[in-house]
Amino acid sequence: MASQIADSTSQKPRTRQKVRIVGKIRPFTDSEIDSSQGLPAARIVVQKLDSSDHVALLVGDQTSSQKEPYKFDYCYEQDEDTEKIYSQEVKPLISEIFQGSNVAVLAYGACASGKTHIIQGSNGKPGLASLALAEILSKGKKIGSSVLVSFYEIYQDRIYDLLKPKQEVFVLENNGGKIQLRGLSQVPVNSLSDFNILYSGEHNQQKAAEKHLNDTRHRTHKGLTIQISGANNDSKITALGKMMLIDLAGYEDTKRMPNSNPYLAESTKFNNKSLYALQNVIYALNAKEKRVPFREAKLTRILQDSMEGNNKTLMITCVNPTLGPDTIHSISVSSRLCQATKANRTSTVEGSHTLSAKKTPRAKFLLVDKKTNYAPSAEKGGRKLFGTANHTPKCTRKQETPSVASSEPVQETTSTVPSCDQMQKKCFAISNKVALEHVPEKEECSLHISLPLDTSMTAEVNQNSLQEEITFSSSKAIESLTPQLEYILPLAHHVDSKNIGGPPKLSDVSPGFVVSNENKYSPFSRPSPPISARLREITNTLKSLSSTPVPLCVKTPIAGNICYSQVSREPIEPSTPSITLNLDAEDATAATPREVYETRSCGLKKSMVKEYLKYLNTASKEELKSLNGVGEKRANYILELREESPEPFKELDDLKEVGLSAKQVNRMMRKAAEALFI
Ligand SMILES: Nc1ncnc2c1ncn2[C@@H]1O[C@H](COP(=O)(O)OP(=O)(O)OP(=O)(O)O)[C@@H](O)[C@H]1O
């Protein structure tokens with residue numbers, strides 16, 4: 001092939017991306033040469049871009065009129081063989097796995113672009129798998145570690161063990177977030193010949209040269225995992241790093257496929273969906289996005305622990321020199337992944353690659369398959385309505401999250417309203433004081449206050465610091481703590497309203513009187529009520545903020561020095577913590593009704609989100625289907641996720657895993673909130 005290497009341009013070297021993307025142009029095959037009656041004309045040119053290895057691929061007419069070429073980290077040309085790719089790209093990664101890192105090597109491209117040849121080898125030439133394994137075995141022997149291999153394929157988004165026929169493999173996430181493949185066999189390998197027997201054994205796929213184009217079984221993703229194990233002092237096997245090599249299924253535009261084989265079209269659709277998912281992951285990693293959508297497909301789930309963190313990934317985009325539309329698509333996608341940044345997430349998708357931009361619709365680059373319920377990306381940079389449930393709440397108006405009832409953008413304003421953080425600190429300060437001080441017995445009385453379910457404050461304070469009693473030693477102390485009490489007392493309303501009809505007022509709190517809550521709730525003592533009921537409770541509390549509190553504190557005379565109350569209350573789910581206050585606190589700071597309102601609203605939003613996520617993590621299929629935006633398929637997928645991980649939804653962002661966009665989540669939560677006011 002005639003290729004030109006042009007001199008470097010003025011372009012600066014690009015920042016190193018997380019996923020390295022190189023191209024490999026395969027040589028023309030005999031049949032291609034035969035059909036063109038001689039060596040076909042070169043239609044692809046590799047141009048060096050800068051002093052680093054970065055290159056541009058000029059394809060077809062672009063050689064003469066190219067404005068923006070397809071950029072790659074590097075590209076191997078037709079005459080460069082797999083050994084060269086191995087020594088330049090893969091061998092340097094092997095030392096990393098001996099230091100505990102994981103590495104993924106992916107062969108991506110259109111059908112017949114040379115992916116299997118690169119990974120598995122063909123025509124007597126070894127592929128990357130054998131070359132890497134030989135090196136790993138030799139290194140491993142030197143340090144006394146052993147090598148285990150697994151071999152699997154992903155067919156229609158299901159994983160099968162290729163070393164154990166018909167054995168399905170399940171991706172699970174343990175409590176520590178580690179990915180585990182249940183049912184996948186790991187076979188110890190001591191020599192390259194052992195490996196070759198396994199690799200080309202009867203369970204293995206057909207070799208590249210023997211593939212039948214109409215065979216659906218060869219259109220699968222095929223993965224090989226080489227795991228290194230060491231022995232620690234207790235002789236327990238300890239896993240070091242691993243290398244995953246994946247021969248991805250070829251990308252094919254299903255619209256161009258003949259209708260004759262519906263099974264083939266179906267499996268191709270699955271393959272493409274998982275390829276989109278993979279592209280989304282690579283894009284997110286290279287653009288250093290906060291959220292990487294590993295859960296979109298089994299393929300990406302498997303790769304998660306080899307791609308995230310400091311692990312390294314190499315993607316080799318195989319290029320068929322005949323340059324069909326699928327090859328152009330693969331080149332275009334790879335180039336964009338290579339240049340992924342947060343800023344060009346949307347702007348580059350339309351791209352200026354005239355040739356591909358028209359033929360590669362934006363949706364495909366955004367890698368969202370709208371028909372799929374499990375592979376959506378919906379990365380639209382949408383505003384979060386509620387923020388995330390497990391973040392420290394921020395009540396100042398400098399937040400990005402509008403209120404439940406309003407979808408108006410939140411203005412950034414300066415305000416004296418304290419944040420939830422500040423309020424929490426106040427409460428911590430109060431409770432800490434109690435722990436330190438002994439109140440003179442004669443003057444003491446107790447105020448037991450249970451906070452409503454999961455206010456922002458209780459979530460943080462409950463488990464560690466709060467006591468069951470608030471003890472007042474004198475009227476002076478009550479005065480000094482007035483601002484805090486104004487904040488805390490209304491919180492008792494949630495519990496108290498059932499029996500005493502309203503929150504205690506400040507005037508009820510005085511030495512010699514007790515306001516108490518005798519209930520001892522445990523959040524785990526009984527099943528949670530339906531989410532609608534719980535949300536209604538939250539809303540009631542919110543409503544109470546806008547109404548004048550009714551003085552309904554129960555006062556009981558002091559018996560001796562011990563203050564107690566006989567207020568009977570129904571236990572209410574979930575547990576509401578009690579707090580202990582000391583009125584001698586000297587560092588009391590002001591809390592205005594506005595502060596109270598801001599703080600509580602923030603807590604309510606957080607509570608609502610938390611309850612909603614808890615519901616998604618525990619509800620039955622039918623219950624899930626009753627939610628706005630959840631149908632049969634999505635409910636099934638949620639159940640599937642719950643099988644893989646005990647608590648798949650930890651924050652609102654996780655709902656994107658089931659194909660909900662930020663906008664949909666926003667709508668979902670708003671609907672839930674609205675329902676409470678009907
Ligand atoms: N570097 C190479 N040198 C010689 N022949 C090659 C090379 N790469 C690929 N080929 C040949 O090209 C043909 C297609 O290659 P291969 O089967 O590896 O493609 P593929 O991308 O894996 O295809 P599919 O997507 O259908 O699985 C094979 O006949 C293979 O032998």
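Cβ from N, Cα, C; glycine included.
Per TrEMBL, ATP binding site is recorded for GLY109, ALA110, CYS111, ALA112, SER113, GLY114, LYS115, THR116. The feature compositional bias 'Polar residues' is assigned by TrEMBL to 401-417. Per TrEMBL, the feature domain 'Kinesin motor' maps to 18-346. Annotation source TrEMBL lists region 'Disordered' at 378-417.
Computed over the domain 'Kinesin motor' (18-346), the whole-number mean pLDDT of the model equals 83. Here the binding-site residues are SER113, THR116; the one with the fewest Cβ atoms within 10 Å of its Cβ is THR116.
There are 24 other Cβ atoms within 10 Å of the Cβ belonging to GLY114 (ATP binding site). Cβ environment of GLY109 (ATP binding site): LYS115, LEU248, GLY250, TYR251, THR317, CYS318, VAL319, ASN320, THR327, SER330 lie under 8 Å away, each six or more residues apart in the same chain.
In three-state terms derived from DSSP, THR116 (ATP binding site) belongs to a helical segment. Here the binding-site residues are ALA110, CYS111, ALA112, and the one with the most other Cβ atoms within 10 Å of its Cβ is ALA110. In sequence order, ARG26, ALA107, GLY250, CYS318, ASN320 are the residues of the same chain, not among GLY109, ALA110, CYS111, ALA112, SER113, GLY114, LYS115, THR116, whose CB sits within 8 A of the CB centroid for the ATP site.
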